[in-house]
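Here it is, the structure, as structure tokens.
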Amino acid sequence: MEVVKIFLFLAFVYSSALAINIKSKKGRSNSNEDDAIDFLANYDSEYGPLKNQYLIASWNYETNLTDENALAVFKTVTSGVAEAYYGEASANASQFDSTTFSEDTKRQLSYLQSVSLDDAESEELNNLLSEMGRIYGSYQACRSNPSTGINECMYLEPELTELMAKNENYDDHLWAWQAWHDGVGRQLRPLYLRVVELSNKQAQLNGYDDYGDQWRQRYETTEMETIVQDLYAQVEPLYKQLHAYIRRKLYDTYGADKINLRGPLPAHLLGDMWGRFWVNLNPIAIPYPDKPSTDPSPEMIRQNYTAERMFRTGNDFYTSMGLLPVPDTFWNFSMLEKPKDGREVICHATAWDFYDAKDFRIRMCTRVVFEDFQTVHHELGHIQYCMQYSFQPLNYRAGANDGFHEAVGELMSMSFSTTKHLNTLGLLNVPDDPDVDMNFLLFQALNTISTLPFHLTQDTWRWSMFRGDIPTAELNDKYWAEKARVVGVAPPVERDPTQDLDITAIYHVCVNSDMIRYFMRTFFQYQFNEVLCQAAGHTGPLYKCDFYNSTAAGDALSAMLKLGASKPWQDAMEAMTGQRDVLASPLLNYFEPLMAWLEAENAKNGEYIGWDLPSTYEESPITS
């Protein structure tokens with residue numbers, strides 16, 4: 001879930017945005033800012049429709065994975081019209097001497113100072129990413145059903161996802177995990193390694209050290225690696241307490257022969273295919289199971305919720321704050337459920353901006369469960385952001401940084417998920433009870449705190465790979481070594497270093513997208529939450545804050561969203577929160593009651609905090 005669509009098109013004609021650190025090109029002569037403003041206006045009006053054509057072709061392909069639709073995407077790209085236009089625009093932008101220009105004009109021009117791969121390599125990159133998406137979206141894991149003996153095949157969505165969400169059947173989880181990682185990861189490994197080569201080459205053409213350096217500089221700082229490590233060091237004690245607590249619950253569920261109470265967690269038992277979100281462990285982890293449940297899934301089913309009703313309820317949340325409703329085109333063109341006509345589709349939930357200021361869509365194979373209801377609110381956050389900045393120049397139609405885009409959706413999903421709001425919707429009827437509060441906080445931690453080291457290692461490992469620090473023969477071994485050190489998670493079966501590259505078996509890597517945005521968004525969302533709760537007049541614990549119906553909170557949020565990428569993210573952050581830096585303290589404040597509870601519970605049970613590693617693993621780069 002979560003990502004605003006990362007289009008392959010942008011990968012080779014537009015993804016070098018914010019190339020602010022590129023050395024000035026020679027031959028600049030035009031110092032007339034009016035000419036530059038006219039040039040940028042023409043660029044907006046002419047390039048936007050070219051992007052739109054590609055996005056429509058991509059949508060058609062990803063919602064119907066046929067060779068015909070793949071060819072349509074291919075023709076849109078290889079026609080060379082958009083790339084040629086962008087190349088010419090970039091060359092023309094380089095002719096301006098912007099020394100005396102306003103900061104706004106300088107910033108817009110900086111987005112155009114990028115260089116693409118040559119035609120052959122651009123085409124190759126597009127074909128590779130298209131094929132990787134096809135493999136990911138169409139792969140089926142097959143087996144003989146252990147109960148009936150009948151052969152059965154499962155897609156990732158919904159069958160494998162639903163299987164991994166259930167607890168207690170160890171062998172089913174093991175089969176699904178291995179089938180997916182072997183079946184998808186092994187196919188993607190050679191393709192991805194070539195994608196890495198081409199991505200690095202394009203980044204270097206644009207003045208970056210490598211593709212990881214390009215990702216990090218989207219945050220307009222050279223200290224990104226230090227920033228993320230410093231942030232994680234502050235929250236790692238909370239994660240380790242959660243890890244120890246969950247390890248005990250897995251031990252109670254699967255037994256001593258499957259769970260080592262001093263070891264890493266098995267990656268296949270954490271509630272999804274990747275061990276990314278632990279929220280599906282809530283049934284075995286809930287602190288006070290005899291208290292009223294904070295999971296409204298059964299009531300959603302009883303009240304006959306549908307995918308459309310879930311989205312209309314989410315849209316109402318936004319409009320109650322005075323924010324924008326989704327347009328009619330959203331309901332007409334979005335794919336909100338998995339098609340029942342036999343089409344193969346990519347189900348991973350994504351929000352799409354078609355860059356015409358009127359067409360915004362979501363692609364999602366929605367299930368009537370609370371987890372997906374949260375995702376609905378998250379994806380609508382992306383759509384809200386896109387609509388709010390749709391009046392901006394083309395180069396500014398993006399979040400202040402990638403983490404901001406993700407944080408907005410998570411922020412709204414978090415407020416929607418409070419027991420107060422779910423009581424208002426009639427999906428819960430729970431009393432004001434500290435035990436129920438602890439159940440809620442644990443549920444929230446399984447959806448957020450568990451993800452932090454996961455997202456961190458997904459990109460710290462790739463940063464090292466892009467730099468060439470990891471020999472090809474050691475890629476998968478080093479990946480799992482870093483996962484063991486930082487996340488405390490291990491693969492359930494032995495992996496083959498010559499065939500496996502397990503990091504590719506998740507959507508974001510398959511489409512060559514960074515994941516540090518999700519790490520950063522978690523900190524941003526809690527900073528934003530404190531401010532919006534104050535604007536809404538909330539008093540009491542932050543985890544009880546619901547800004548539904550607060551137009552004051554909506555006004556504060558809208559003011560930031562409208563900026564898009566027109567200002568450095570630090571300016572946008574300061575305008576809304578009064579802070580220029582990302583902070584861990586709002587997150588820690590929110591979870592302070594849970595931290596105290598986990599420490600007491602783990603001490604009572606004599607839990608080992610942390611995990612022992614095999615002697616072959618290196619010492620963790622992050623220490624408490």
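In case you wondered, yes, glycine gets a Cβ from its N, Cα and C as well.
Okay, these came from TrEMBL:
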type	residues	note
ACT_SITE	Glu379	active site, proton acceptor 2
ACT_SITE	Glu379	active site, proton acceptor 1
ACT_SITE	His508	active site, proton donor 2
ACT_SITE	His508	active site, proton donor 1
BINDING	Tyr219, Arg517	chloride binding site
BINDING	His378, His382, Glu406	Zn(2+) 1 binding site
BINDING	His378, His382, Glu406	Zn(2+) 2 binding site
DISULFID	Cys142-Cys153	disulfide bond
DISULFID	Cys347-Cys365	disulfide bond
DISULFID	Cys533-Cys545	disulfide bond
CARBOHYD	Asn64	N-linked glycosylation site
CARBOHYD	Asn145	N-linked glycosylation site
CARBOHYD	Asn332	N-linked glycosylation site
Calculate the distance in Å between the alpha carbons (Cα) of the residue listed as 'active site, proton donor 2' and Glu406 (Zn(2+) 1 binding site), and round it to a whole number.
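Cα-Cα distance, the residue listed as 'active site, proton donor 2' to Glu406 (Zn(2+) 1 binding site): 13 Å.
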So if I draw a 10 Å sphere around the Cβ of Glu406 (Zn(2+) 1 binding site), how many other Cβ atoms end up inside it?
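Around Glu406 (Zn(2+) 1 binding site), other Cβ atoms within 10 Å: 28.
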Inside 10 Å of the Cβ of Arg517 (chloride binding site), count up the other Cβ atoms and send me the figure.
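Counting Cβ neighbours of Arg517 (chloride binding site) within 10 Å gives 26.
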If we check Cα distances from Cys142 (disulfide bond), which of the recorded positions Asn64, Tyr219, Cys347, His378 wins as closest?
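The answer is Cys347.
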Could you state the whole-number distance in Å separating the C-alpha atoms of Glu379 (active site, proton acceptor 2) and Asn145 (N-linked glycosylation site)?
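For Glu379 (active site, proton acceptor 2) versus Asn145 (N-linked glycosylation site), the Cα atoms are 35 Å apart.
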What is the total of other Cβ atoms whose distance to the Cβ of Cys142 (disulfide bond) is within 10 Å?
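Taking every protein chain into account, the count is 10.
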List the Cα distance (Å, whole number) between Cys347 (disulfide bond) and His378 (Zn(2+) 1 binding site).
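One finds 16 Å between the Cα atoms of these residues.
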Between Asn64 (N-linked glycosylation site) and His382 (Zn(2+) 1 binding site), find the distance joining the two CA atoms and give it rounded to the nearest Å.
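It is 23 Å, counting Cα to Cα.
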